Structure formats: C-alpha cells, structure tokens
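Peer 1: Okay, so Swiss-Prot annotates it like this:
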TRANSMEM  28-48  transmembrane segment
TRANSMEM  58-78  transmembrane segment
TRANSMEM  98-118  transmembrane segment
TRANSMEM  148-168  transmembrane segment
TRANSMEM  220-240  transmembrane segment
TRANSMEM  281-301  transmembrane segment
TRANSMEM  309-329  transmembrane segment
Amino acid sequence: MNPSVSSRPPWSTAFYLGPGFPIQWYGIIVAIGIAFGILMFVLKLIYFYKIQDNSFYFFIFIAVLTMVLGARAWYFLIEAVDGRSSGSNFFDFRNGGLAIQGGVLLTTLAGIIYFNVFLNMKTTKTKTTAKLLNNKNQIKTVYVERNISVFVMLDLIAPCVLIGQAIGRWGNFFNAEVYGAALVGSKNDTLSAANTTWGFLRILMPKVWDGMFINGSFRIPLFLIESFFNTIFFVFIYFVMDHIKGIRSGTIGFSYFLATGIVRLILETQRDEAFKYNTSIVFSALLILVGIVGIIYCQTLAIKLRGYFWTYFFLYGWYKVAAFFTTLFMKDRTQACSSKFAFYEKSLPEKERSFFQLKYYNDVLPPKIYRLYDHEMLMFDKLEAVPEA
C-alpha cells in the first residue's frame, strides 16, 4: 500500500527534484527491491541454469511493467470491492497505493504467455560442459539448443520475487503503513506492552522503534515480520531447494506461492483496520491453495503425464480419460493401455508442448543431433554431463 500525500510522515521524503516534486523513500526502496530481484534472476540464469539467450532478459522489462501495473490495478480493485475508493488517478502513483498481489497475478500470466509462446517457437541455447564420445574422448563446453519448460522458468523467477518483496516492505515503514493493532498493557500503558514484546527494537533498530509509535500507541511492525519471513523463505527456496534430491521442476516455483500465501494470510488478518482488506485475505488463501495443488501436481502427476499432448487428452473422451488415469496408479506400467497409446500416437514429437515436458537442464540428454553455439553440426552417440574443470 501507499498512503496519500497528506497522510505520509515528514521523514518519508528522501529529497526534492524541484519545488513541489518530492521523491519518496517508498519509491526508492521498491525500486531497489525490484533491482535486487532482477540481479538474483540474472545470476541464477547465467551460473546455475547456464542459459545464453537474450529473450530471457527481454522478459525483465515485461515483468517490471506488469508488476507495477498489476499492483496498481489490484489496489484500485480491492478499494472498490471494500468500498474505500480514494478517487485518485490510476497513473498518479504518488497518490493511492500498490498491492503486490495484483503484480504477482499479472506477471505470472504474462510469464505463462511469453514463455509458452516463446518456447514453442524456438529452442534455447544452454551451456553444457560435456564429455563427447564419438570415437574420441574429450571435454568441451558446448551450447546445446533444446526446449525449456515454462515450469522451469517459474522455478527461476518466482523465488526472486520474494527477496524483492522483503526489501520493498521497508518502503512501507517510511510511509508509516502495514502495521498491526496497537499494543496496550494491563494498565492501558502502550509503552510497557511494547517493551515486553518489541523492546529489542529500541537497541537494534531505534528508528523502527520510534516509527512504530503511531497516533500515540505502539503498533505491531507487520512490515518487519513479513520482510523477515520473506527473506527466510527466499534463502531456502532460492539456495537450498534446487539441491534437494527428488524435487521436480515446478515445485520450487509453486513453493513461492505457498510461502507468500501463508505469510500474507497470517499478517493480513493482524493488520490495523485502516489497512485491512477482505479481498487480500481471500487472495492469500487462494495463493496457498495454488501452491499446494501445484506442488502435488509437479511431484506426482506431472512426471507421469510428460510428453502427452493435452489437447487430445481432454478431447478424446471422458471414458478414455478415466481409463488413462487408472493406469497412472498401477504398480506395473510397462504396458500402456489402448487409450494411452492413442494419446501418444496423436502426439507427434514436433507438436508436443514444452509447457508440460517439465525438463531440467541436468536431465540426461537423449542421443540426437545437437546444434552447437558456433553453428557446427555434430552427431554424438552419447553425451554425458560432467563437472566443469
């Protein structure tokens, strides 16, 4: 959120570009959060996923635009639904506010469309240091062209949003917003109650301690709590989950929705009434549902449905669909049922959608002709990934 100009504290302004044109700390910190999220995205793109393609950098501009516009549109939507319309102009970002839920929603939709269309139009160069065995033994770095699943892109992008949210929440502090109810002690004393629970802020973060005394009462610093837990979840999802054995593509991305949904659902219910929106509470619950369903799907069903063309899957007939699902949970799946054969025959390799292939870059690459980065065409009988020298 972002309060109106008149309700901001005097220390919310960083500097002035001219008479009547203040630059707020809120905007600066949100920009820093976006920049840091982009940095984490680029670092993982280059050093972990080893992608060499400018098309992925183009999406950064799309993501920033959709994040801001989606957050702004969602703010206007929840204000209208909850009957609190401020009447401010949509493009006057210094008045009114932003709601991150809308930014996440619109950017996710933009990513699905962009990467799904992009991945079906072309293959992408990925860097592989490999042992090339075609009557020779040698180690060489090659750039292999292959299709990349949009679920892998979700794993790459979603965790970076968390650290952006964690940093951006400090902008809410400078705007004196995203706080909880007033703390009141047994003797109607807010100071004693604040010292009991949040006294450590007086030493560690004195500015935060002073800033949480709003309208004569100490308020729970929800922005600080959300920033802390977003950082913890970011570290786990971004740095740890990629190295957990058995984690399938898509699970990391949906873990973001689960994590941010849990944090926001708990904190949204604790907000001060002036900043509490029922729409945000419902949306946070939906994020949790999306995260749980997505993780279950990626860890269980997705691997069994890999390589099937879903258009034929849904249109082939309800009885064939039922027959197909019965085979998914049979212990012996060495022989597919007739409906499964039918789906495979309809799914010509050139028509299979990368969206549902769910492949990581460390998958075993099948024997085929690989187009190298220097446009040299070679046939490899076997391509085995080995650690880089």
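Cβ coordinates come from backbone N, Cα and C, glycine included.
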Peer 1: Going along the chain, which residues at least six beyond the ends of the transmembrane segment (281-301) come within the CB cut-off of under 8 Å?
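Peer 2: Distant Cβ neighbours of the transmembrane segment (281-301) are 101, 104, 151, 246, 248-251, 253-262, 264-265, 268-269, 328, 358.
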Peer 1: Which residues of the same chain, at least 6 past either end of the transmembrane segment (220-240), have a Cβ under 8 Å from a Cβ in it?
Peer 2: 40, 44, 158-160, 162-163, 165-167, 169-170, 172-173, 177-181, 183, 198, 201, 205, 208, 212, 252, 255-256, 259-260, 263-264, 267, 270-271
